[in-house]
């Protein structure tokens, strides 16, 4: 069976709910004329439980547990194993420092030549242990061997599981992040000769960097070494991790016809990781403009500010509550509604309530709990978003479609949404105010300004509504993907290596 | 976020490489204790009781005792080996509050399993009076209980109070037998021995409870270990059968006493072998000490350094040190035990004259000394292997010893008197050669085994 599109998913749809998952769910539903394969990478030992009802045009679901290579009863001789490992070491080392598709192809061929093998050869044999030791000696030979061991098993185990698993047959491959999914995309491109696409919501390597940077178990004896020169020269295990992921990303960028993100800001990070600027694209997420724009707006009444989102630390509600003290001083009758579930982090919720009481804001700040967004969008004048991290918050667009301007911190695409992309033509003007992170005074001033200056408020309201209407409609997003899929499906089979090779000069 | 995030966090907790193995090591000691106890108590009782009774009564007494030692050891081995393992784990976890319960549970299981076995044996197989059978069954169960208790007292490592308990018990036996042998003859002397064992058991139980003064709880918590560590249970039976199988076979020899009780013995073979075993006592003590110091230090350093973020070159160095310490211990052992065995062989005729032993036994004895030389070397390897928790291999090697000892003894038996003892000797050599090859092969790849094949977190 050959499907039209193979979606390469890592740790998300259809098993885990969340932003990327519902995006994927919608994508499949909006392309009913295409058939899909879901290639799902899941953590080892993951209990499969569907979080979504998969649409009918999904014809195949392939599940691969990362790092958990199948145990096969392969009868590979000792000599053969030794030779395999000797052949593997070169390309594996290069994959971390200077990844190339040639090496990946060589790896895939090597693994295929041996026949059906699993972890009994690749990770659990004495020969594989020797390979691990040799790679250690050649790279991080003074770092903790135990940590290297686990890192190796995790990283290389992941690599092997992605390279030896069966390749579903599809007419094009679409990965929804880099990492192992991106690595698989590169393999699929090499093996099938079919075109590939990459969509990144968050930037994988960036998120990994944060995660690896805070992983205490990786603290090496070296990092305790205060001799700066030595530290700068010697590589650490953290580099091993990050460089591996950057390597996988680079390969994905090389094979993808286009690498898509949600907003301009991400491009820089992608280019840093080796993406070709020529083939980077921005397709923002869209909303159902028609439905939202019909929501009636409140007329008169107390000036009301709304916050829509979970009450959790990353949304930095404390900054909002502190800003409300400024607001109350200037606009005593103002109301602030905090709308969103509070049970995820009870302790944080308690702290927020204490802060409200402490500021004497009980009459101003109200926690409404989880609400029906569509019901409330017309009932407040201004949306405030104080998040410490966002990608492309849809709530700004949803409020914008109603005509509600926003105040947002300068994270993700917020500034793009409120001020327009650099190439916006004609320029529609600001749809709100962007503030620095964690600044109660800036947020407070912005609220006072927008609620106080009638004319500015109306301008922002019109601008954000027009911007959503023009650029952030769901139809536009769907159309863009439909068009892209059509192009990919029409492409002939290609020799990936030759194609990428021909493109290379432009990248340098 | 897309991507699998929790892999890293999971990794950080996967640092359970280090050996809880060291705690298992003493289980190897357990297997040597019973032998010493058997030989020493047989010798001393025979000597003491000989003063009060006839030669005939004494030999009938020895007959029952040898059968009891032999079969109680084999039949109760699964219980005490599994209890050893359970106790070792509890000690390693520093969670010893269940020990009194374990003692009760183990005792209940010993009685529950040994009573029917011993009863069947003495009532249906042996042709002896009901009174003697009853006394023999009681004695059988008491000896089984001693095997079980030896697990606990070895863990405490208070050898002084162990000696005291046995000394007091055996002294009491000697005293009471003086009275009882006059009244009840054979049954009397057997019961006196049992009374002494009762006292020993009581003292040992008191010592164990003094060490672990906790409430009795969950006496059968260890039952799950039978499933989890079936290899351990099986190895216990195999090892102890292997140590006795040549005697069992020789009891069927034409020269054996063919006693009408059906409890055949071949005193010439048995006492030659028992005497031969004495040759390994001194070096065993020395040797266990050398394992405890040299090897154990190298062993601990190997695992600790891995945990403390050692680099591979440091790990390799520690690995080499383990090998070196084994080689050094083996060399010392070889020299010392070699010398002792040589003395035992060369001085055989002097010993025999001094102890008044039948000269018939001298060739069996010489093969016995040679064989036990290799058997104790194998024991050394077993201890090392138990440090690395090689359960399967251990089971296999014990199986090899059992089979080869049975087969070779059977062959040497069919060749006639001149070859008696050769079978045991050859089996010991074979087991030693295979065991040492296996051990060196295993230790050569120790880092691999540590990180992959015996690492519970891998897979």
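Each residue, glycine too, has its Cβ placed from N, Cα and C.
Checking TrEMBL for transmembrane segment across the ranges B:250-270, B:271-291 points to B:271-291. Against the transmembrane segment (B:100-125), the recorded stretches B:162-181, B:187-209, B:333-352, B:364-388, B:400-417 differ in Cβ pairs under 8 Å, and the greatest number is found for B:187-209.
Contact count against the transmembrane segment (B:364-388) (Cβ pairs under 8 Å) is highest for B:423-443, out of B:162-181, B:187-209, B:333-352, B:400-417, B:423-443. Within its own chain, the transmembrane segment (B:162-181) has Cβ neighbours under 8 Å at 37, 41, 44-45, 48-49, 52-53, 57, 153, 188-189, 191-193, 195-201, 203-204, 207, counting only residues six or more beyond its boundaries. Across B:131-155, B:400-417, B:423-443, stretch B:131-155 shows the highest tally of CB pairs under 8 A with the transmembrane segment (B:187-209).
Contact between the transmembrane segment (B:131-155) and the transmembrane segment (B:333-352) is absent: fewer than three CB pairs lie under 8 Å, with pairs separated by 6 or more positions in sequence. Long-range contacts of the transmembrane segment (B:65-88) within the same chain, counting only residues at least 6 positions beyond its ends with a Cβ under 8 Å from a Cβ of the stretch, are 20, 23-24, 26-27, 30, 34, 38, 42, 45, 99, 102, 106, 109-110, 113-114, 117-118, 121, 136, 139-141, 143-144, 147-148, 150-152, 155, 190, 193, 221-222, 225-226, 229, 232-237, 239-241, 244, 247-248, 263, 265, 270.
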